[in-house]
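Scroll down for the structure; my scribbles are underneath it.
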Amino acid sequence: MGKITFYEDRAFQGRSYECTTDCPNLQPYFSRCNSIRVESGCWMIYERPNYQGHQYFLRRGEYPDYQQWMGLSDSIRSCCLIPPHSGAYRMKIYDRDELRGQMSELTDDCISVQDRFHLTEIHSLNVLEGSWILYEMPNYRGRQYLLRPGEYRRFLDWGAPNAKVGSLRRVMDLY
């Protein structure tokens with residue numbers, strides 16, 4: 001079970017809302033979000049309702065202002081708890097749509113897709129085990145996308161505007 005608390009003001013001040021499960025619409029509970037405390041679990045928060053817009057991965061810890069989670073604004077409108085995973089992590093990445101082309105397999109974090117696989121774009125992928133976060137830039141920076149087990153036949157399937165990928169990280173409570 002997870003627990004996340006959203007605060008309207010920085011430094012955990014102002015009106016707050018505690019959440020322990022997925023919530024597709026946080027708008028009724030607060031008008032803005034400037035700080036977050038994650039007491040347990042790993043979470044993905046979204047700038048728009050229904051898990052749309054920019055995504056941000058949060059694990060246990062304190063985030064006293066939205067820059068701490070690399071947010072672009074104080075708008076957080078939905079969240080989901082990422083189920084814990086205790087087994088192996090495995091993903092296949094492809095340089096073409098529809099799970100075609102050059103295939104490479106990952107079982108651990110990748111700080112630079114370009115350095116490791118000589119790719120700057122991933123056009124499709126298949127998450128076989130565990131949940132992952134895809135980052136548009138190396139060193140786990142830039143836009144983030146949650147990848148749960150399943151096939152993603154094109155970059156639009158994971159919500160990206162293009163196939164640019166810089167790094168990939170396993171969703172784990174501790175790093």
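Placed from the backbone N, Cα and C atoms, the Cβ positions cover glycine too.
Per Swiss-Prot, the stretch carrying the note region 'Connecting peptide' among 84-88, 104-108 is 84-88.
Along the domain 'Beta/gamma crystallin 'Greek key' 1' (2-40), the predicted structure has mean pLDDT 97. Same-chain residues lying 6 or more positions outside the region 'Connecting peptide' (84-88) and placing a CB less than 8 Å from one of its CB atoms are 41-42, 107, 129-131, 171-173.
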